[in-house]
Amino acid sequence: MTTTTDLPLLFLGQGADPASELGVQCPGELPPASDPDLVARAAAAKAALGDRVFVLGHHYQRDEVIQFADVTGDSFKLARDAAARPEAPYIVFCGVHFMAESADILTGDDQRVILPDLAAGCSMADMATFDQVEECWDVLTDLGIADRVVPVTYMNSSADIKAFVGRRDGVVCTSSNAERALGWAFERGEQVLFLPDQHLGRNTAVLEMGLSLEDCVVYNPHRPNGGLTDEQLRGAKMILWKGHCSVHGRFSKASVDEVRERVPGVNVLVHPECRHEVVTAADLVGSTEYIIKALDAAEPGSSWAIGTELNLVKRLAAAHPDKNVMFLDKTVCFCSTMNRIDLPHLVWTLEALVRGEVPNQITVDPETARHAKAALDRMLALP
Ligand code: SF4
């Protein structure tokens, strides 16, 4: 049976659907992916721009893009790297939308942050909209508990959400410092509203803060009162937003069991955005930077099943031919929005900059930026 839908079919990087994405537009010609000269064109445009352009590459980006990155890293490291290069007027952020927003907040007013494809959003960040979070806060206020709740948002959230948290004396965290951020929050309040990744919130609370699963409730923004009773909201230490990463959420306890059976002695290393039962079944858990360092320090001949995005796992396997590095899941698990940034979009962006045009600039309005920066600065000041 066929059904009709109002949702337009978007061609990569062209057209616009503001209702479902953050706006998708690449005016002019996008070079075809089959163009054999793309690598040479990217290299020539980057050389022509020289120090005027600084290209940031997130760990989950494609190899064809990473080869042109001046630095690689996770979202927070890249935003700080951009801030440390004030002499570069153009920051090309090969990552997703919330990362480019953070870079815009942390860089100077005269620096332009560019996202090569505006369709490169993040499904997790999209799971917490400003209106939904405001509504949640109204629920907590009506219950009389908002004063004792400290909001904490993961870096993987929109600038609007970071600003919401900043206005209410909360803090941003990354997957590396979530424990310290929660410790900071519990010194200032009795409860935490953790946005938008329930898994990072739960894993950190239970495995690192000594809380129990019963201390955590999940607030569903699509249900009245978050789908919770007043008693549940009052009694919870952690009010977890019902959001998740569509990439890390795919790993299962069954995939951990399967790899252990198949590869004796394998070390299972996963990202804390994975589900609780996956993290508890793994040997090690940590951020992308932690995963990279763990592989660097691993013994030759050791076996590693990695539960994170596939582009990074493939690069780790190539960088460590003396170790047996494999992907934790049997199915392909790229981040589809990260993958929207490809070589044609990078060439299109760099060549536009050479012509003096600034495409796809990401700007955060000054008021939002000010409050979001307050929450980011509190994170930077964490002990
Ligand atoms: S890997 Fe997950 S959290 Fe990261 S950008 Fe993709 S969907 Fe968002």
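Here the Cβ of each residue, glycine as well, is placed from N, Cα and C on the backbone.
In the record from TrEMBL, residues Cys122, Cys335 bind [4Fe-4S] cluster; the candidate from Cys245, Cys274 listed for the same site is Cys245. Residues His58, Tyr154, Met155, Asn156, Ser175, His271, Pro272, Glu273, Thr288 are recorded by TrEMBL as iminosuccinate binders, and the candidate that the same record lists for that site, out of Ser75, Ser252, Ser255, Ser303, is Ser75. Around the Cβ of Cys122 ([4Fe-4S] cluster binding site), a 10 Å sphere holds 24 further Cβ atoms from the protein chains shown. The separation of Glu273 (iminosuccinate binding site) from Cys245 ([4Fe-4S] cluster binding site), Cα to Cα, is 7 Å. Highlighted here would be the binding-site residues (His58, Tyr154, His271) whose C-beta falls below 6 Å from ligand 1, but none qualifies. Cys335 ([4Fe-4S] cluster binding site) and Tyr154 (iminosuccinate binding site) are 18 Å apart (CA-CA, integer value). Around the Cβ of Tyr154 (iminosuccinate binding site), 29 further Cβ atoms fall within 10 Å across all displayed protein chains.
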